[in-house]
Amino acid sequence: MAEYQDKTLSGESVKTDFQKDMTYGEYLSLEQILTAQNPLSDEHDEQLFIIIHHVSELWMKLMIHELNSAIEDISKDEFRVAFKKLARVANAQNQIISSWDVLSTLTPSDYLKFRDILANASGFQSYQNRMMEYCLGFKTTHALKIYEKDPEVYTRLKEQLEKPSIYDETIKAVHRAGFDIDEAVLNRDVTQDYEPNDSVKEAFKQIYLNSDEHFELYELLEKLVDIEDRYSQWRFRHMKTVQRIIGFKTGTGGSSGVNYLKRVIDKYFFKELWDLRTEL
């Protein structure tokens, strides 16, 4: 194999002296990333558990980055710029959905060997997942107390909470395009959960019925549906993976586990976009 590699590289100007130059590993801070997995037990499968969650958090970091940028684009009616970012979010979601396949190789007996060392630590406490929800419009505040232990994280969450969600900015963009939207929606408190509104649904319905005339808005709405669809798939796979591994036991963070995750599946970020389909 080494001989084949040498022949393949023969004639290539591959740089090998990095005494003064930055390497691939240095650019990516691989030493920090690859030494961040610190199992608290000697159990073989704890490494899998940690890596799956590390990778998911990295994908969420990217999605938050793209969503916040797309929200700003939409606020300026720069829809085509936003489309690329929203497509990237949807494809990143595919990655975290597929990660449940890997975690599902963890059997109940495997997990029991190290579950107790998690104590009260739980994925429910993921602040990036909370930020994702805030970006999309689920503005729940009941869990904010969890993050008071880390003032920097708490501040970042509060800042995200106080920003308009992607749905808020989309509705305003639709209004700027000439559609009637109730003032109560346009001037709502964006730190609160969004309540579905008939004027919004009617505006969206007209966009769908006249998609050629309002193609950019139509495409934007469909991009939101893409993201919510994948979010629902992620929630469902989360619930089924938990059920497969721990059944109906209480979650490590104190939630009812599978029963809680089942309830969350039915929550919508963009309810009018789903309801209008029945009326088209």
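Using the three backbone atoms N, Cα and C, a Cβ is placed for every residue, glycine included.
Unlike curated entries, TrEMBL annotations are predicted automatically.
Quick look at what TrEMBL annotates:
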BINDING   Phe49, Ile50, Ile51, Ile52, His53, Tyr111, Arg115, Thr252  substrate binding site
BINDING   His238  heme binding site
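Structural mapping of features recorded in TrEMBL.
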residue: Phe49; record: substrate binding site; Cβ contacts under 8 Å, 6 or more apart: Leu103, Leu106, Tyr111, Phe114
residue: Ile50; record: substrate binding site; Cβ contacts under 8 Å, 6 or more apart: Gln37, Asn38, Pro39
residue: Ile51; record: substrate binding site; Cβ contacts under 8 Å, 6 or more apart: Gln37
residue: Ile52; record: substrate binding site; Cβ contacts under 8 Å, 6 or more apart: Ser99, Val102, Leu103
residue: His53; record: substrate binding site; Cβ contacts under 8 Å, 6 or more apart: Gly123
residue: Arg115; record: substrate binding site; Cβ contacts under 8 Å, 6 or more apart: Ile246, Thr252
residue: His238; record: heme binding site; Cβ contacts under 8 Å, 6 or more apart: Trp100, Leu261
According to DSSP, folded down to helix, strand and coil, what is Ile51 (substrate binding site)? helix
Per the record, substrate is bound by Phe49, Ile50, Ile51, Ile52, His53, Tyr111, Arg115, Thr252: how many Å separate the farthest pair of Cα atoms? 18
CB neighbours of Thr252 (substrate binding site) within 10 A? 19
